[in-house]
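**Student:** Next up is a structure, given as structure tokens.
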There are 2 protein chains.
Amino acid sequence: MRHYDLIVLGAGSGNMLLTEELGHFRTAIVEPDLFGGTCLNRGCIPSKMFVLAADAAEDARAAKRLGVHASIAPVDWKTVRDRVFSRIDPLHGSAVDYRRKNSIDVYTEEAYFIAPKVVQVGDERITADTFVVAVGSRPAVPHIPGLDSVPYHTSDTIMRIDELPTSMIVLGGGFIAAEFGHVFGAFGTDVTIVQRGPRLLMTEDKQVSARFTELASRRHRVLLGARATSVQPRGGSVAVTVRGRHGEQILEADLLLVCTGRRPNTDRLQALTGGLELDEHGHIATDNAYRTSVPGVWALEDAANHFQLKHMANAETRLVRHNILHPEDVRTLTNKVAPHAVFTSPQIASVGLTEQHARRHGIDYRVGVRAYADTAYGWALEDTTSFVKILGDPAERAILGAHIIGPQAATLIQPLIQAMTMGLTADQVGRDVLYIHPALTEVVEQALLAL
Amino acid sequence: MRHYDLIVLGAGSGNMLLTEELGHFRTAIVEPDLFGGTCLNRGCIPSKMFVLAADAAEDARAAKRLGVHASIAPVDWKTVRDRVFSRIDPLHGSAVDYRRKNSIDVYTEEAYFIAPKVVQVGDERITADTFVVAVGSRPAVPHIPGLDSVPYHTSDTIMRIDELPTSMIVLGGGFIAAEFGHVFGAFGTDVTIVQRGPRLLMTEDKQVSARFTELASRRHRVLLGARATSVQPRGGSVAVTVRGRHGEQILEADLLLVCTGRRPNTDRLQALTGGLELDEHGHIATDNAYRTSVPGVWALEDAANHFQLKHMANAETRLVRHNILHPEDVRTLTNKVAPHAVFTSPQIASVGLTEQHARRHGIDYRVGVRAYADTAYGWALEDTTSFVKILGDPAERAILGAHIIGPQAATLIQPLIQAMTMGLTADQVGRDVLYIHPALTEVVEQALLAL
């Protein structure tokens, strides 16, 4: 049984953990799939490459409102796809080579605990003083009768298909559904979204969620309050029986995409056998320092929490690295500001409290909302649907939350993330700081002043 | 001679001055041209509307790098132009009506001082306890033999021409030249830029200026170190004799656009007769509170300084309003952070020290530079030319300056403006604040960390 100082399970964020500072550790990294994990291979990065192509197509179509008339040739799916993966796929091999050159043992077989701090990987058993569990998550597939009888897709496989489907049914209305709806819609696929809840992007601020639902419904067929009750093959297509407000209907499409959530890979890891406590969703339970119930075992990212955000995983990675190196100075993640963005169309970005959360928890708040159209750049864009919404604390004047739907949302929100993190008040950021005229940032200034 | 409590000369920023707080003053506003001033009628706003159309055309052409092939119909200039001015032109009349309804006297004739605090406007003489001089600036036209013999344009007139020119010669290489070069280039005009200096946008950080010059030279004919020595009509065209490194050449084009700077309108105002001291460039001399040499007379914006930035004028307007209302609590503009952006292609934004300024003044600094391509979103964009450059103080870790060239530059720079204004260090903003992955803001984070 080979013994290491450090075993890292999972080479997504786990691979980022291994900087020179840990160079003196005898280290192994275990990754049965691809280095780079979900983010690089099946998540953030390739999806954004498709989204940018989709944005380009939609922007070109929309340019006519500015007097620029563009016609778009049918999108050559294979070219777009191959451009994406010809850039991504070589990265796995070079990452493995790089680790091996730096005397880190790389295991590429499936791994699972057979006892606390003992892992079976292929034919070998390995153990270590310190473990970092970063095995990530995978799409959760719901139990729908007949689903296994059709070749359905998830976010793991949809980006690598061979032909652009003429039509597509998307089960789910969260951020993955919203992003792929945008991509395939922009590329010319007829998209139907089947969503159980009353709106799309239910976890966003209600006003953003409502606006997005309205805009998505102009582009796609969106069925709300609807549930898929069975699936069957029909010729080369897929038929989905959907029950909703208006009774039952049968939808048919070339392709079925299931985007109904994700689950941590802690089951495959046999985390319980490893002595690790799990929460009710299967995440490894950790404290704020990312310590698990087994001393010397740390867990982070999708395996340990709900964020499903690479920038949170990066922060966790830095923290765990510090804590491993400085057992005398263990730090905790105190930053409660967890921003996120949805790269759909229009773009959405959010940080902090939503209005519905504030209400539900009886938190006193004020709201400032500004339409892009109220500022020079938004007016020039002839934008009619985008806005910035900011929640503030009426007493302390702190910024409690910010929600943006519209072009550049993921960029526009950064000063608000910064203000919340650094404890700057809405007045300081709105009044003392200058905003370039006529940049789009003026809408943030105006929302702060409205507050 | 009619007497007022307050006379505002100029209805650009001057018009913004008149909020309800000044409602108890008997007030007159004097504007021989259009309410809204340069920004609304001949500057920021209409130019950005043209720029957005140009961006849309260029983005559609560039989408092929992402696998989206668009073809652009020839841009219908008149449609674009009329869309812009059909939205802007009605605003003057409604602004005048609004002021008159609110009991403010509006004078629409040319006005000039005939003595300190006495203004001749048409046949009338008016006077006031308090004056605010906000008469703005206009294009400065150089003395070039023959220039008056051709129908040349400036930024005042170029946006209202009737036909898109086939070819255009631009004299000057500053921000106005850079923006109109982009607009007309994107619309299909063959653009030649004649610039005296060794680069375009000479006041930008040298690295940004050099990159922009390189990129602009791919789109336009750019003559550097070149000087127009004479101009003559030639048929329906304009011929410009240019002397430069490679001797003398004669350029010919449909249209000549002169963008060689702006000068304050203090001469037309006969500011000296009004007792106002001027600086060597013709700006009215003020202290930091915007008091002039005549008690009770305030001056701001292009009439009083070099910023030529509407967001600076807005800040000055708020300050002067406060100072007029609170003579016991006169405030000064302490904010030295004066950001700006150039809405050319690629976009440019800047705040604080340039590297050449730091060197020239012996200021100790460190530099962090990151290419967009080094981050996920930039990589997905297949960007190869954009970057963020940050100058920091090695001792205090303060941010001294930031310079961005690339998509969304004017939005991306906002957190850095905020950090500089609020005195946050590069470490705080780079390490303590989260940046959404994979948003474009990660390039700002990376530049801060590189620093």
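All residue numbers here begin at 1 and follow the chain in the order shown.
Glycine is treated like the rest: Cβ placed from N, Cα and C.
In TrEMBL, annotation is done automatically, which means it is predicted and not curated.
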**Student:** From A:Gly93, A:Gly261, A:Gly274, A:Gly275, grab the residue that TrEMBL records in the same NAD(+) site as A:Gly172, A:Gly173, A:Gly174, A:Phe175, A:Ile176, A:Ala177, A:Ala178, A:Glu179.
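**Tutor:** Same NAD(+) site in TrEMBL: A:Gly261.
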**Student:** Identify, in sequence order, the residues in the chain of A:Ile176 (NAD(+) binding site) that are 6 or more apart from it along the sequence and have a CB within less than 8 Å of its CB; answer 'none' if there are none.
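**Tutor:** Residues satisfying the criterion: A:Ser155, A:Cys259.
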**Student:** Using an 8 Å cut-off from the Cβ centroid of A:Gly172, A:Gly173, A:Gly174, A:Phe175, A:Ile176, A:Ala177, A:Ala178, A:Glu179, A:Gly261, can you name the remaining same-chain residues around the NAD(+) site, in sequence order?
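**Tutor:** So the extra residues in range turn out to be A:Val170, A:Phe180, A:Leu200, A:Leu201, A:Cys259.
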**Student:** By a simple count, how many Cβ atoms lie within 10 Å of the Cβ of A:His437 (active site, proton acceptor), its own Cβ left out?
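**Tutor:** The Cβ of A:His437 (active site, proton acceptor) has 26 Cβ neighbours within 10 Å.
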**Student:** Could you break down the residues of the domain 'Pyridine nucleotide-disulphide oxidoreductase dimerisation' (A:339-447) into DSSP helix, strand and coil, giving a count for each?
**Tutor:** 40 helix, 29 strand, 40 coil
**Student:** In Å, rounded, how far does the Cα of A:His437 (active site, proton acceptor) sit from the Cα of A:Gly172 (NAD(+) binding site)?
**Tutor:** 40
**Student:** Compare the C-alpha of A:Cys39 (disulfide bond) with the C-alpha of each of the binding-site residues A:Gly172, A:Ala178, A:Gly261, A:Asp302, and give the closest one.
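**Tutor:** Minimum Cα distance from A:Cys39 (disulfide bond) across A:Gly172, A:Ala178, A:Gly261, A:Asp302 lands on A:Asp302.
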**Student:** So if the criterion is CB under 8 Å to a CB of chain B, which of the recorded positions A:Cys44, A:Gly172, A:Gly174, A:Ile176, A:Ala178, A:His437 qualify?
**Tutor:** A:Cys44, A:His437
**Student:** Note the mean pLDDT of the domain 'Pyridine nucleotide-disulphide oxidoreductase dimerisation' (A:339-447), expressed as a whole number.
**Tutor:** 97
